[in-house]
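What follows is a single structure, written as structure tokens, with notes after it.
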Amino acid sequence: MTAADAMLSLFSLTLFLFGLSAGAVLLLLIRAVTWRGWMGPVWPGLAWLARLAPLTGLLFAGSYVLAWPAYPWAEDPALGGYLSPLWTGVRLAVTVAVIALAGPLLAADRLERPGGVPLLIAVVLLVSMASVDWTLSLAPHMKSSTFGLLMLTGWAVQALALVTAAGALAWDRSSRAVWGAVLLVGVALWVYLEFMQYIVMWGANLPAQAEWWISRTTAPWRPFLWVVGLLHFLVPVLCLAHPGVRAKPVALLIASLSILAARAVETVLWTLPSVSADVFLAAAAVLAAVALCLVLVGGLKRREARHG
């Protein structure tokens, strides 16, 4: 274990936490540009997560700076101006600042459609660019035009999963059925994007991109990939596919917690396998992320209980 590996593990943890707030911001931006009344019981929880965006953004930015030595571009001027500490720092600052400023604004319900539309476009474009800096640039030959959308989809799903986990035991049957179905749609979109990315890279015989997948399907990372498939696809589908099952509190709770755990594992798979074989650091980051999710779920449940 090196110091760079440890910092990259910490970065993976804070990327997951920032994704919770950023996912909430994305969903609330969609609400701002559509109909405000459609979010119903998930609105308070998403607003709470969005309000945390300045804190999670600060933690994320700090850990990214600490993890810079792990990136190939950190000390290699031959990679050019785009992948350099200066310009990756600029993209980091702008992306985090936009999301951190939008979070409290959306949580206070002060953003109308005319301001929400350009902000939503900006968030999608900024994350699409910055996601390359944060993850794919660890493997310089890996290229994916859909990775930013995949990251945003995962963030939205994990934010919604945390809110549904907090509300699963308190909501009425109708709310559980509706938001269980929405969560299932999010999972289906994530599966589609993930699978198509794999098919295009593998089926088109793109060696550099295929190598990115191979490094995650061989030891010691293969079990992590199986965990993602089990917890991000199989368990949610079994719990949420049938309307009568997803309306049950326990089924929605299991599906939500399963998705959160899978999101933590996938976030680690975005980063560590490109530069390290230390599964203990990866497992520590995943366990810390799951523990923090349980704390956040408990805090959100207590908050909603106090506010009725």
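Please read every residue number as a count from 1 along the shown chain.
Placed from the backbone N, Cα and C atoms, the Cβ positions cover glycine too.
No curator has checked TrEMBL annotations; they are predicted automatically.
Using a Cβ-Cβ cut-off under 8 Å and counting only residues 6 or more beyond its ends in the same chain, the transmembrane segment (6-30) has close neighbours at 39, 46-47, 49-50, 52-53, 56-57, 59-60, 62-64, 66-67, 69-70, 96, 99, 102-103, 106-107, 111, 116, 119-120, 123, 127, 134, 151-152, 154-160, 162-163, 263-264, 267-268, 270-272, 275-276, 278, 281-282, 284-285, 288-289, 292, 296. Summarising the annotation, TrEMBL assigns transmembrane segment to 6-30 (among others).
Residues or ranges marked as transmembrane segment by TrEMBL: 42-66 (among others). Distant neighbours of the transmembrane segment (42-66): 7, 10-11, 13-15, 17-18, 20-25, 27-28, 31, 89, 92-93, 96-97, 99-104, 106-107, 109, 134, 159-160, 162-164, 166-167, 179, 296, 300, 303-304, 307; these residues of the same chain sit at least 6 beyond its ends, with a Cβ under 8 Å from one of its Cβ atoms.
The transmembrane segment annotation in TrEMBL covers 86-107 (among others). Using a Cβ-Cβ cut-off under 8 Å and counting only residues 6 or more beyond its ends in the same chain, the transmembrane segment (86-107) has close neighbours at 18, 21-22, 24-25, 28-29, 32, 47-48, 50-54, 57-58, 60-61, 64-65, 73, 119, 122-123, 126-127, 129-130, 133-134, 137.
For 119-137 (among others), the entry in TrEMBL reads transmembrane segment.
Same-chain residues lying 6 or more positions outside the transmembrane segment (149-171) and placing a CB less than 8 Å from one of its CB atoms are 16, 19-24, 26-27, 41-42, 45-46, 49, 123-124, 127-128, 131, 135, 179-180, 182-183, 186-187, 189-190, 193-194, 197, 249-250, 252-253, 255-257, 259-260, 263, 266-267, 293, 296-297, 300-301, 304-305. Under the heading transmembrane segment, TrEMBL lists 149-171 (among others).
Here TrEMBL flags 178-204 (among others) as transmembrane segment.
The transmembrane segment annotation in TrEMBL covers 224-243 (among others). Long-range contacts of the transmembrane segment (224-243) within the same chain, counting only residues at least 6 positions beyond its ends with a Cβ under 8 Å from a Cβ of the stretch, are 177, 180-181, 183-184, 187, 190-191, 216-217, 251-252, 254-255, 258-259, 261-263, 265-266, 268-269, 279, 282.
Marked as transmembrane segment by TrEMBL: 250-273 (among others).
According to TrEMBL, the transmembrane segment annotation covers 279-300 (among others).
Counting same-chain residues at least six beyond the ends of the transmembrane segment (178-204), those with a Cβ under 8 angstroms from any Cβ of the stretch are 40-42, 144, 146-147, 149-150, 153-154, 156-157, 160-161, 164, 167, 171, 210, 212-213, 232-233, 236-237, 239-241, 243, 246-247, 251-252, 255-256, 259.
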